[in-house]
Amino acid sequence: MQKINEQSVIVIGAGVGGLASAKALSTMFGKVLIIDRDTMPDGAEPRVGVPQSRQVHVLLGGGLRALNTLVPGFEDKLVAAGANRARVGSEIRVEVPGLPVLPERPFEFHSMCMTRPLLESVLRREVLATPNVELLEQANVMELLASEDGSRVVAVKVLRRSGEEEVHKADFFVDAASRADLTPKLLDKLDMPRPVDTEIGIDLNYSTAVFDIPAEATGPWKAVIHRPDPADGRAGFLFPIENGKWHVNLNSVHGDGAGRTPEEFLEFAYSLRTHTIYDALKAGTIDGKINKFILKASSRRRYEDLDRFPGRLIVIGDAICRYNPAYGQGMSVASQEAAALREVFAERLALDNPLDGIAPDYFQRMATILGAPWSVAESDFVYPETRGERSPDVMERMRVNKTLLRLAYDDPKMHHLWAEVTNLIKPATTLLEDPWREILSQDAPPLPPEAEALVPRRRAAE
Ligand SMILES: Cc1cc2nc3c(=O)[nH]c(=O)nc-3n(C[C@H](O)[C@H](O)[C@H](O)COP(=O)(O)OP(=O)(O)OC[C@H]3O[C@@H](n4cnc5c(N)ncnc54)[C@H](O)[C@@H]3O)c2cc1C
């Protein structure tokens, strides 16, 4: 058997999942080729292959840690390029229905605020600076090609923008092409069952715009997260991006969204439960247009349950699971998956044939990583209109979460735990373990009257 450092891998897709897995595998494989259908911009520009490019994108603490392990110094490089650190517990104002804003407690980790193209451009620059990684642009992968006996993937068929067709061979393949469905189509061709696709239907209507906001119209925070009231599903975010500008996002689950004009946008902000975002917007000026994105459902493909799967192939990122983006999880999960992919390979290096039979190990590991973010996505079952099959324990998990948030107001330890879970630093299953299980087994106690008075509310009509 050839040594792994003499073998090659093709990664399809140069999004966050593709770039992170290329970097992860570059430490073991001799050659990594990333193939993408887009032309990559020189700097931080949106591109068509990532239609969500213009939408607000935050990198959670857990995702940042994963990227820091894959690309040493990633965080400082991101900041040097114009991203903003926002310390969790003190610099992000989180407005949750029925609760006061939690007391300021600066925790030891932060989230990163910037545009999605900035994050991707820094990651792309760092990954492509790796000597054994190359990028093939303007190359649409049409098909994964299997060996004659159908047991493993051996090549990809590519249509170049020039119109030419090419076949690229490699020893291993990573499908990071989001919803291009390359792997499900290959399974059809090989007469193997597709993974079950579990959906949570949310009809999310998402709108993001760039704003200039004068400093006096913002508060003692770096960012605002306004969580929806289950009664109307309306929410919003205010995140600092490059050059002192702001990303303002307004969204609704099962609703009409924020409209297309600045006036409608402002009106929607006014309709939120508090006026934090509205006050900043009213004093600000829009820079460009309002960009919309509709997501019908969170969806998770259960590759871990398949008995048959072609060899020499794995799937990563949105190609496995995509979530309601309001929880800000996708890039972080893709980065954590890539870090885990490196570990799975590292554990197999001693085997005679480390590239074969990796799928069961890998997809099981992914299922463990996906447990936490998927459980967050399931909180959308709080809306009666949400479609999909509810796990038997989903209501209990929501109750545990409510108790945790309520206790987080009084108790710094509970606040820290909640921040770790929502930043994907600790899995949600931690809440079911001692000592937390016992503490969280009770319903949330009522707020004391002095705290009740601090719950932020909408002003009377102006
Ligand atoms: C509206 C919205 C807002 C979001 N906000 C956040 C957020 O705040 N925080 C967060 O962490 N995540 C967020 N996400 C999720 C995040 O964008 C994705 O989870 C993340 O980009 C996963 O990356 P990926 O590499 O799997 O896919 P992508 O980043 O989408 O990349 C897929 C790549 O594959 C290429 N490609 C596709 N088909 C082919 C083909 N046939 N041949 C060659 N190349 C191909 C595309 O050009 C693209 O480069 C958001 C998502 C949406 C929809």
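First residue shown is number 1, and so on along the chain.
Heads up, the Cβ atoms here are built off N, Cα and C, so glycines get one too.
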Of 243-264, 287-308, 375-396, 441-462, which range does TrEMBL call region 'Disordered'? 441-462
With a Cβ cut-off under 8 Å, give me the same-chain residues at least six positions beyond the ends of the region 'Disordered' (441-462) that come close to it. 95, 98-101, 272-276, 399, 402-403, 405-407, 409
Taking helix as H, G and I and strand as E and B in DSSP, count the residues of the region 'Disordered' (441-462) in helix, strand and coil. 4 helix, 0 strand, 18 coil
The predicted model's mean pLDDT over the domain 'FAD-binding' (8-349) is 97
